[in-house]
Amino acid sequence: MFSFNKPILLRKALELFLVGERRRRRGIVMESTLKELSNGESVLDIKDKCGVAGGVEDMYGEDRATEDQTITPWTFSVASGYSLLRDPHYNKGLAFTEAERDAHYLRGLLPPSVSSQQLQEKKVMHNLRQYQVPLQRYMAMMDLQERNERLFYKLLIDNVEELLPVVYTPTVGEACQKYGSIFRRPQGLFISLKEKGKILEVLKNWPEKSIHVIVVTDGERILGLGDLGCQGMGIPVGKLSLYTALGGVRPSVCLPITIDVGTNNQKLLDDEFYIGLKQKRATGQEYAELLEEFMSAVKQNYGEKVLIQFEDFANHNAFELLAKYRTTHLVFNDDIQGTASVVLAGLIASLKLLGGMLADHTFLFLGAGEAGTGIAELIALEITRKTSVPLEEARKKIWLVDSKGLIVSSRVESLQHFKKPWAHDHEPVKELIDAVKAIKPTVLIGTSGVGKTFTKEVVEAMASLNPKPLIMALSNPTSQAECTAEEAYTWSKGHAIFASGSPFDPVEFEGRTFVSGQANNAYVFPGFGLGIIMSGTIRVHDDMLLAASEALASEVTEDDYLKGRIYPPFTNIRKISAHIAAEVAAKAYELGLATRLPRPSDLVKYAESCMYTPLYRSYR
C-alpha cells in the first residue's frame, strides 16, 4: 500500500508545468518572425502537415505508400462498387484485381478480364493515334482525366513529347475557342460578377480543402487568340495538368479558376452556346474590386503559401496585378515571368554556339507587351548580375518594336508605363526590316502574337549581319508564329539557330537535319512551382527566376547543340523539373523566403521524393 503526500505532488506538478511553459514561450519568441511570415503557422506545424508529393498534408498515407503497399480508397467514406468506378482519383478500370473486386463490391460491374496499367496505357495510346483531328485527341484525353486520373498522368508522363501539344499548345487554343460546344463537366471554379461579395463561399464549394497552386485567368488574352472570355478555362486546366505531369505536384492540391467579367468578343456574345456572362467586360473600379475580393478570399481560405499563377490577362491588367500583389501574396505571372525565364535559359544556352557573353549581344524584339517586356527585363537583370553594369545601361542593349515601330525616346510621352524603360535615343523607325538594318541585332525575338511577320527579307537580313543569327519565333499557337522552322533554316541557308513557342517538326536542309528548340514555358513553371511548394516559399523574387533559367540552360547537352537545339528534349522533363525546383528552393533559402525548416541537405533528392507518381495503388 502506497501513501501519497498531496501537497508535495501538487507542488512538483506546478514546477513541471512552469518549466514547460517557459520552454514553450521561448519557442514562441524564437518562431515569432516566421509565424508572421507564414500566416500564424509555425515551422513545427508545417513539418507535421507536410508529406511528399507536393509538400502538403497526406492524411491517408497515399503518397507515402509504395506501389506494393495497400491503401484505403477514401472519399467521404470508403468508396465501393459503382461509386468507386466513377471516382477518377481511385478508379483503375480493368486493373482492379480479383481480390479488390471482391472487397469493394465490383463483381459484375466490370468484364472478367484483369489488365495491367501498362496494357491500359498501350490501348489508350493506340486509340488516340487513330484520331486524325487534334481536338478529338484533346477531348479523349480530357475524358480520360475525368475517368481515370492516374492513367491520364501515366500516359502524359510516358509520352510527353507526343501528348504535350495535345493537352496544351497548340491544341488547347482550339479547345478554348470551342469550349462552349465541348464543355461536359466542370474541371475548375468559375467566378463571375454574379459571385461578387460571395467569393469566399464559392472557394469553399471546391471539394479539396488543401490547395497549394491556383492558376487563374480572366480570358482576355488567350494565347495569340484574343478575348475568349469564360472559355479561357482550358488554359488553367492545361497548365495544372502540366504542374502534375512535369513537375510532380499532386493533382489534388491544384485548382484551375476562371474569373468571368464578361467579354468584348462580339462573336461569343452572339453565340447561343457561349457558357459565360453575355455582357461587355467590366473595367476600372468594378474589375479591381472583384480581383481584390478574390485575392483576399484565396489567402483567407488557403493561407499565405498558396501560389497564385496569373495566366493570359491582357497587358494592362497583367502588369498592374503583378505590381499590386507581388509584395502581399505569393504570385507569379507566367506570361511575364515564366516566358522570360525560359527564353533567358535559351539565350544562356545559345552562348555556346554564338560565343561571348549576353552583354556582347544586341537584342531586337518584335512585340512590346507583357511577354516581350518581361523577357527584356530579365535579360537586363542577368547582364547586370554578370557584369555589374547598372540596370539602365544593360537595357540599352535591348530594343523593342511595337505596332507603331521602334520604341524610341521621342515617343516616350505616348508610351504605356511598361514600355518607357525601353525608349532609347534613335530616330523613329516604322518597319521591322528597317529596324533590323539600323540596330544590327544578333538576336531577333518575336512576341507579337502576329503570324508571318519574320519575312524572308527579315531573316535574310539577320543572316547577312551574323554568321549564326539567333531567331526566336515565340508566339502561340502555331498559326501565330512569326515564322516556321523551315522558313528560318531555308531563308538563312542553314545558318540560323531557331527556337519557337509551338513545336515544329525537324527540317531537312542540304543534307543536314535541324531540330529546333521549343521555348515552352512548360520547361520552367512546373519545376519552379514545385521548388516554391517544397520549400514553403512565401514570395517570388526575380533571383529565383534567374536561378531557374540557369538550371534549365545547364541541362542542354553537346548532342543537343549538334542538332541545333538550345533546349533539352522533353523526354527528361521530370529530371529537369527536379533540378529547377532544387535551384529555386536553394535561392529561396538564401534570400530568407523559405519557411520549411530545416533545409534538406540534398534538395534535388528531396524534390524527387516530393514528386507525385501516377502508378496504381493496391486497395485493402
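Glycine residues also receive a Cβ, built from the backbone N, Cα and C atoms like all the rest.
Whatever TrEMBL says is automated annotation, not expert-curated.
Worth saying up front: this structure is predicted, and the values here are computed from it rather than measured.
Lifted from TrEMBL, the feature list:
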- TYR168: active site, proton donor (ACT_SITE)
- LYS239: active site, proton acceptor (ACT_SITE)
- ARG221, ASN476, ASN520: (S)-malate binding site (BINDING)
- GLU311, ASP312, ASP335: divalent metal cation binding site (BINDING)
- 145-326: domain 'Malic enzyme N-terminal' (DOMAIN)
- 336-589: domain 'Malic enzyme NAD-binding' (DOMAIN)
(message) If I take the alpha carbons of ARG221 ((S)-malate binding site) and GLU311 (divalent metal cation binding site), what is the distance between them in whole Å?
(response) 9
(request) Using the residue listed as 'active site, proton donor' as the reference point, find which of the recorded positions LYS239, GLU311, ASP335, ASN476, ASN520 has the shortest Cα-to-Cα distance to it. (result) LYS239
(message) Can you tell me the CA-to-CA distance separating ASN476 ((S)-malate binding site) and ASP312 (divalent metal cation binding site), as a whole number of Å?
(response) 12
(request) Return the residue, from the listed binding-site residues ASN476, ASN520, with the maximum count of other C-beta atoms within 10 angstroms of its C-beta. (result) ASN520
(message) If I take every residue in the domain 'Malic enzyme NAD-binding' (336-589) and average their pLDDT values, what number comes out?
(response) 95
(request) Using all protein chains in view, find how many other C-beta atoms are within 10 Å of the C-beta of the residue listed as 'active site, proton acceptor'. (result) 27
(request) Could you measure the widest C-alpha to C-alpha distance across ARG221, ASN476, ASN520, the residues recorded as binding (S)-malate, and give it to a whole number of angstrom? (result) 18
(request) Round to a whole number and give the Cα-to-Cα distance in Å for the pair ASP312 (divalent metal cation binding site) and the residue listed as 'active site, proton acceptor'. (result) 11
(request) May I ask for the distance between ASN520 ((S)-malate binding site) and ASP335 (divalent metal cation binding site), taken between their Cα atoms and rounded to an integer number of Å? (result) 11
(message) Other than GLU311, ASP312, ASP335 themselves, what residues in this chain have Cβ atoms within 8 Å of the centroid of the divalent metal cation site's Cβ atoms?
(response) THR217, ARG221, ILE222, ILE235, PHE310, PHE313, ALA318, ASN333, ASP334
